[in-house]
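Annotated in TrEMBL:
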ACT_SITE  A:ASP7  active site
BINDING   A:ASP7, A:ASP141  Mg(2+) 1 binding site
ACT_SITE  A:GLU68  active site
BINDING   A:GLU68  Mg(2+) 2 binding site
ACT_SITE  A:ASP141  active site
Protein chains: 2
Amino acid sequence: MRVLGVDPGLTRCGVGVVDGTPGSPLTLVHVGVIRTPAEEELALRLVGIERGIEDVLDRFRPEAVAVERVFAQHNVSTVMGTAQAAGIALLCAARRGLPVALHTPSEAKAAITGSGRADKAQVTMMVTRLLRLKEAPRPADAADALALAICHVWRGGAVSRLAAAQQLYRRGGR
Amino acid sequence: MRVLGVDPGLTRCGVGVVDGTPGSPLTLVHVGVIRTPAEEELALRLVGIERGIEDVLDRFRPEAVAVERVFAQHNVSTVMGTAQAAGIALLCAARRGLPVALHTPSEAKAAITGSGRADKAQVTMMVTRLLRLKEAPRPADAADALALAICHVWRGGAVSRLAAAQQLYRRGGR
């Protein structure tokens with residue numbers, strides 16, 4: 001199963017693609033960060049995020065997309081842009097009929113470190129180890145996106161199949 | 001100048017298209033609401049919003065798009081979805097190279113009623129009067145979208161031309 005994880009943001013949107021199945025070793029397919037300039041108009045930044053996500057979907061053809069769930073309580077100054085970047089990722093995935101899932105940061109951390117309150121260094125260390133990389137993934141920002149993708153591989157098979165079935169059912173019903 | 005106003009929301013996204021120039025009578029071109037079912041998965045609802053906005057852009061070809069600015073402080077339970085719907089509207093407009101503007105609810109109310117704290121009935125009454133309609137626009141939810149479009153016509157010409165020039169400049173520079 002190939003999963004794209006997205007750590008949404010306007011200035012830096014982390015993207016990580018991982019191959020794996022629960023109980024088998026994981027493989028890193030791609031890691032990167034989509035950046036949009038802070039001085040650019042919001043609408044153009046959203047177009048930049050869409051292009052970046054579409055490019056990753058085109059090149060790596062994931063079967064599912066996992067996006068970090070954004071909470072209204074956190075970082076009030078940036079939360080709207082983060083929510084909008086997350087919305088674009090969901091839109092791009094759903095437009096292609098890909099199943100999507102939202103995982104909280106705590107869920108992703110707990111899945112790969114055993115603790116929902118693990119710090120960034122611990123998450124990066126476990127991502128590096130689980131993907132059997134010689135050094136920490138670069139850019140460092142994107143470790144969270146890989147953590148989401150790994151979380152989804154491990155939690156996700158059943159959820160994704162369910163979501164896909166629901167989508168097919170809904171389409172058939174219309 | 002033809003302006004699309006968007007009052008963003010996932011359950012009801014108001015859209016209103018108005019023709020006008022500052023100092024001349026305004027004309028209603030279109031008013032409607034894009035609805036997505038609350039029980040549907042978020043990603044699919046965002047696809048529904050995108051389709052609805054694209055449909056309005058295709059049919060009525062506005063020259064500018066005005067979207068209500070969403071604040072993190074308001075309605076915490078629905079604000080993320082509202083921000084994401086607003087993001088989709090901005091994305092659709094910018095993808096076509098249309099200038100976009102964000103106006104606050106207070107700015108729209110003040111532009112058409114003279115008071116930033118006008119209530120819904122007052123906004124609806126002024127929208128009805130300014131567009132010289134025989135009765136209040138239906139659906140009622142969409143009066144706010146029309147108010148945004150009117151606000152943009154009156155405030156907006158200069159802003160839009162500036163934004164368009166900036167977009168052209170930015171594209172040329174890349």
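One is the number of the first residue shown, and numbering goes on along the chain from there.
Keep in mind that glycine also has a Cβ here, set from the backbone N, Cα and C atoms.
A map of TrEMBL features onto the structure.
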residue	record	CB count, 10 Å
A:ASP7	active site	28
A:GLU68	active site	26
A:ASP141	Mg(2+) 1 binding site	19
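You'll find the Cα of A:GLU68 (active site) roughly 6 Å from the Cα of A:ASP7 (active site). The secondary structure of A:ASP141 (Mg(2+) 1 binding site), as reduced to three states from DSSP, is helical.
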